[in-house]
Amino acid sequence: MDITKNIVTLLLVVLFPILFYYNNVLAFPASDQSIYARCIGPCPRYAVPHWCENECLSRKYMAGGECAFIEGEGPTPRCCCINL
């Protein structure tokens, strides 16, 4: 019983911070929205790091992209490609 309890506790201590990190660190408020060429769609809730950058690079935006909250676009972050 003790070993099961310890394993479950360890999983919770390790798993929840990882999920929380990936869910919250991917998007931020965009202060200068003029750098974005266009937003290509919403960022997945549990996207891997650099998901948006890779999507923009595959669409020939050489500066990449980032997940950002855009004014007037609702409460979900958008994948916006950078126009430099």
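Glycine too: its Cβ is placed from the backbone N, Cα and C atoms.
Since this is a predicted model, take the numbers as computed values, not measurements.
Swiss-Prot has this to say about the protein:
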type     : residues    : note
SIGNAL   : 1-27        : signal peptide
DISULFID : CYS39-CYS81 : disulfide bond
DISULFID : CYS43-CYS67 : disulfide bond
DISULFID : CYS52-CYS79 : disulfide bond
DISULFID : CYS56-CYS80 : disulfide bond
* Minimum Cα separation from CYS39 (disulfide bond), reported as the residue among disulfide-bonded residues CYS52, CYS56, CYS67, CYS79 that achieves it -> CYS79
* Taking every protein chain shown into account, which of the disulfide-bonded residues CYS52, CYS56, CYS81 has the largest tally of Cβ atoms within 10 Å of its Cβ? -> CYS52
* Asked: How many Å separate the Cα atoms of CYS67 (disulfide bond) and CYS52 (disulfide bond)?
  -> 6
* Based on Cα distances to CYS56 (disulfide bond), point out the closest of the disulfide-bonded residues CYS43, CYS79, CYS81. => CYS81
* Neighbour tally for CYS80 (disulfide bond), based on other Cβ positions within 10 Å of its Cβ -> 26
* To do: Give me the Cα-Cα distance between CYS52 (disulfide bond) and CYS43 (disulfide bond), rounded to a whole Å.
  => 7
